[in-house]
Amino acid sequence: FFVFFTEEERRVRANDREYNEKFQYASNCIMTSKYNIITFLPVNLFEQFQEVANTYFLFLLILQLIPQISSLSWFTTIVPLVLVLSITAVKDATDDYFRHKSDNQVNNRQSQVLIGGILQKEKWMNVRVGDIIKLENNQFVAADLLLLSSSEPHSLCYIETAELDGETNMKVRQSLSVTSELGDPNNLAQFDGEVVCEPPNNKLDRFCGTLYWKDCKYPLSNQNMLLRGCVLRNTESCYGLVIFAGPDTKLMQNSGRTKFKRTSIDRLMNTLVLWIFGFLVCMGVILAIGNAVWEKEVGALFQSFLPWDPPVDNFLFSAFLSFWSYVIILNTVVPISLYVSVEVIRLGHSYFINWDRRMFCSRSNTAAEARTTTLNEELGQVEYIFSDKTGTLTQNIMTFNKCSINGRAYGEVMDILGAQQKRVQPLDFTAWNPLADRDFCFYDQSLLEAVMVGEPAVHEFLRVLSLCHTVMSEEKREGVLVYKAQSPDEGALVTAARNFGFVFRSRTPGTVTTHELGKAVTYTLLAILDFNNIRKRMSVIVRNPEGRIRLYCKGADTVLFERLHSCNHELMNITSDHLNEYAGDGLRTLALAYRDLSEEQWEAWAERFRGADKATDCRDDRLAAVYEEIEQDMMLLGATAVEDKLQDGVPETIAILSLANIKIWVLTGDKQETAVNIGYSCKMLTDDMTEIFIVNGHTVQSVREELRKSRERMLESARTRDGGKEAPPSSLLESISGEFALIISGHSLAHALEADMEREFLETACACRAVICCRVTPLQKALVVELVKRHKKAVTLAIGDGANDVSMIKTAHIGVGISGQEGIQAVLASDYSFSQFRFLQRLLLVHGRWSYLRMCRFLCYFFYKNFAFTMVHFWFGFFCGFSAQTVYDQYFITLYNIVYTSLPVLAMGIFDQDVPEQRSLEYPKLYEPGQLNLLFNKREFFICIAQGIYTSVVLFFIPYGVLSHATQSNGVPLADYQTFAVTTATALVIVVSVQIALDTGYWTAINHFFIWGSLGTYFTILFAMHSSILFNIFPKQFHFLGSAHNTLGQPVVWLTIALATVISIAPVLAFRFLKLDLKPQLSDTVRNTQLVLQKKRKPGGRVGRGSRRSGYAFAHQEGFGELITSGKNMRLSSMALATFASRHSSSWIDTLRRKKHANSTGAQNTPPTGEDSAASSQTPPLSTSSSAAGKAGQACNEPVLTHSPDDIALSVIRCPEREVGECSTGTVQVNIHLKTSSSTNCILWG
């Protein structure tokens, strides 16, 4: 018996459990849970104590159990520690309970297993590798099976893989012909074949193995496999041999844990906590030294009547014990409740995202989902968005629009003079074709006429569309066909052929049946040369009823044109022009070709194909080489153009995100022209850009040269703008961000990502406002994201909808999945998911910004209140002989963080807002403080600490100074320890409550209840602990009977508390008023503007309507001068408007941004000079955008924003056009009145 720690190959013998068990393969029982009843407590505690904070508090608890150094009871630490550990344990136990429940449900499913020649019912968990299982229609596949036989003709079976890859279309699988006759249990019981295959892996689309049976070997591929998680459809029954079971199945191999992502605030908080620990040690050392000096100089005089405790025999040992005592007392500078509070706040933010009705798509019945709770505040710090195009920016719902056949273009409907006709009725196909799809729309009558008159090229073109595909056809009832396609493109092409009379009806493993103009034709399917991302093409080889063999191919034009016969040169040029025109219209294109094969050519190639197919090593490479041989010297037929429309709200979303200084990079597999046109459609590329750089080099030198020229043009533009001033190149590149765009192809990107060129590419790309990478592979997408992550101190977000986006989504700081047409693999790999790209602006500008703001305010206040609480002990040490005596009683120390101050700060952390959600969308510049990390950083931390230390000084010395000379009304002095403790504690609770009331920007009933309720709770508990009731029950625990009543009954105590509160809060109020008046933040300006608008609304000016941009985008490759000077686009774009309107409001933010980029690139920046800096200093801070975000259904011509300083009048007027769900979309018209030097007004509108 051998144990294989690294399995190199798998050997499975059918119906031989004894043989298979010696390899110790995994059983079919799955276990996604982490604990059981016995292991839960030890394992969970072990995991929790992996956290440094938990271990630290456990260490403190152990110290408190040593009576010589502990001046606090053990429960002051164990109560919060147990509370935190219990909350976490309950959460973990709940999660694991549901995992257990799910595991039991799956493991106890029933399956029919062939044992001893008899089918027996067995639970899934009892199935073993090598067993033969019978599956029936609509049953889940229990394990990864080799299909042996099926009840369907040709041993076909149909499966649905939604649980694996999210695709709901059916896929076909087929058994080997040699095992297809083993349909009877008696025959299967005698089957003793042995399978040798690859070890367990997570590749869903690949399987390589060999079946050895009866001295023969047969190659196995993924087409012979049924994977666990699939569902059997439209198949009465089938039998399969278990190859992989339980955790070895591909489903479980793909369910590995995603890499844990931490936010920048998490990393900063961990650093700050370490600093605080160091500060705590320093305070302990200072107080220990003070104890040593005091014991030596003063304490020695008291030895006769106040001797040291027995272990202590000198002042040094006393100081050593004092150090540990003060470590215990001062540990509350980092309370354990901090980490629990952070998790509670993040959980609340996640629920807000899940509950947001404005991010709910009624069409797909899909709500937004926060799939993680650890990244919410990082949503408010995103600087780079990497987006897929198809299905993310577009709908991924394809419609066949145009085509080019034999050099003639079809699809454009022209009138007699050659002008395009607009309102044309779609063709009626059902009148002559009863199998036509009624939802298919096409407008060009000439293509239908060409079909009717029997043009050979047109017929052959449509024949390719009806034969060269992997679509499955299902006939619901007579004449009603439903196509199940693996991609929307393929479905659109087959449907087009169907409507023009070439109807795909059915397929078997060896035949394809079509109806060609009403006549049934069956083709013999000789081979399928399948599509993949490397080949970028697909071919079929068929034999027609007359016996002629022909290869049909469709694929990317860049790949197909290289494999055409030389006689196609002229036709290829014409078709290329059509393809460029289609790509310029934003359509997705494919080229079509064919090749006639002789019987001898087919036989020779088929022999080589079978050899490569049976290969056990490098099988995929050998097949690719064989495919390459036959796909040569083809004859061009034409090209197709399929439209994938933009999703609703994409241009507006991109415009608003750009105004928030978020750079958007599109990474797509589409050809360059298509991607560029989509870039114009969604307003990533605009006509007012200075220049668009296209990098298309095929060699390292050419790519490097093109990137260098692009940077030189940018630097030249920056120097021209700055009046010829010299500045470091990196400084200029950062300063010109927003005026250029970069478009780079996949083959150029491969060179640009090499180690010696990646910095040049990154500098060039990051200086551009928009970047589009075309023809990129999934791996290249991830490499681009990784490049920005590695070299830029910026938060990245990747968004996509397909399996090819998974690597990019997992690589970015934040991954967002679109639940669209390409399955749910992207969603499963993501941190957040929703159904429409337009929801991204709300996720970032509303939820993300609020989450960041709330977390920063929470942390600032939390550190402040704990330093104010703890540092009082430090000052008291100088007045108590450094004896480690506490100021407060131990019950107050225990309850301060978990009762008196926990709920108000939680309410602020969950509900607080600085501006309403509408303003967050209307003023995208509000997002920038998060990108620059302005609200919580090391500087803000030290300010909070300084405020806390100042408050502690006031809270100690004011009561100390007043009470040391104060007396009661009967003349008895007030200068006793307990009076001082009650006074200081009460003043502390009041001060921190007033402070959080000042910090709260958005009041709810919950805030009121928690803040004033916490104050009430404090006084209730205070009087209860000093009451006679508790004293009578626990006389040894509650010593100070009536102390609270006596202390708080003295007017001088309340005057002392009021004085301490005023002195603590007054400087904060003064500073905030001065800051609001002298250097207001943009959020302050926005709030003030809204207050002004509520009092007085100014009417908007005259409004004009801008012209629409031509959809023919390919002309932009020639240059944009003619379009700009033609006057067709004389309107101020939203991007230019926002830059104009907000330049003055963000000058200080821009300065910080340049400093940040200078630090990340190692270069020093120069501040803006000249007219820009003058303008930025003279105009008041205000920012706005021309987005369509805001209240749904707002009346036309109602001014949303009006701001009129001396030199600029700006009004934004929204005109709703239509309602979509609960959101309104419409046009936005912006009027800007500029006062020129001649006192005349210049009006720009758009």
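Using the three backbone atoms N, Cα and C, a Cβ is placed for every residue, glycine included.
According to TrEMBL, the protein carries these features:
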- ASP388, LYS389, THR390, GLU490, PHE531, LYS554, ARG588, THR668, GLY669, ASP670, ARG775, LYS781, ASN804, ASP805: ATP binding site (BINDING)
- ASP388, THR390, ASP801, ASP805: Mg(2+) binding site (BINDING)
- 1173-1189: compositional bias 'Low complexity' (COMPBIAS)
- 1156-1200: region 'Disordered' (REGION)
- 56-85: transmembrane segment (TRANSMEM)
- 272-294: transmembrane segment (TRANSMEM)
- 314-340: transmembrane segment (TRANSMEM)
- 858-879: transmembrane segment (TRANSMEM)
- 891-911: transmembrane segment (TRANSMEM)
- 941-960: transmembrane segment (TRANSMEM)
- 980-998: transmembrane segment (TRANSMEM)
- 1010-1033: transmembrane segment (TRANSMEM)
- 1053-1074: transmembrane segment (TRANSMEM)
- Long-range CB partners for the transmembrane segment (56-85) (under 8 A, at least six residues beyond its ends), listed in sequence order, are 45, 48-49, 277, 309, 311-312, 321-322, 324-325, 327-329, 331, 334-337, 339-340, 883-886, 890, 893-894, 897-898
- Have the transmembrane segment (1053-1074) and the transmembrane segment (980-998) got at least three CB pairs under 8 Å, pairs 6 or more apart in sequence? yes
- Greatest C-beta neighbour count within 10 angstroms, which of the binding-site residues ASP388, PHE531, ASN804: ASP388
- Item | Contact between the transmembrane segment (891-911) and the transmembrane segment (272-294) (3 or more Cβ pairs under 8 Å, separation 6+) | no
- By CA distance, which of the binding-site residues (ASP388, PHE531, GLY669) lies nearest to ASP805 (Mg(2+) binding site)? ASP388
- If you count Cβ atoms within 10 Å of the Cβ of ARG775 (ATP binding site), leaving out that atom itself, what do you get? 20
- Other same-chain positions with a Cβ less than 8 Å from the transmembrane segment (272-294) and lying at least 6 residues past its termini are 52-53, 56, 315-316, 318-320, 322-324, 326-327, 330-331, 333-334, 863, 874, 877-878, 881-884, 938, 941
- Which listed residue (THR390, ARG588, GLY669) has most other Cβ within 10 Å, given these are binding-site residues: THR390
- Task: Could you tally the C-beta atoms, other than its own, that fall within 10 angstroms of the C-beta of ASP801 (Mg(2+) binding site)?
- Result: 33
- Item | Surrounding residues of the transmembrane segment (980-998) on its own chain - C-beta under 8 Å, 6+ positions past either end | 861, 864-865, 868-869, 872, 887-889, 892, 900-901, 904-905, 908, 951, 955-956, 958-960, 963, 1011-1012, 1014-1015, 1018, 1022, 1043-1044, 1047-1048, 1053, 1056-1057, 1060-1061, 1064-1065, 1068-1069, 1072
- Query: Whole-number Å distance between the CA of ARG775 (ATP binding site) and the CA of ASP801 (Mg(2+) binding site)?
  - Reply: 17
- Note on the structure: If you measure between the CA atoms of ARG588 (ATP binding site) and ASP801 (Mg(2+) binding site) and round to the nearest Å, you get 18
- Query: Just the number: how many Å between the Cα atoms of ASP388 (ATP binding site) and ASP801 (Mg(2+) binding site)?
  - Reply: 8
- Task: Would you mind reading off the Cα separation of ASP801 (Mg(2+) binding site) from GLY669 (ATP binding site), to the nearest angstrom?
- Result: 13
- Cβ atoms near ASP805 (Mg(2+) binding site) (within 10 Å, other residues, all chains): 31
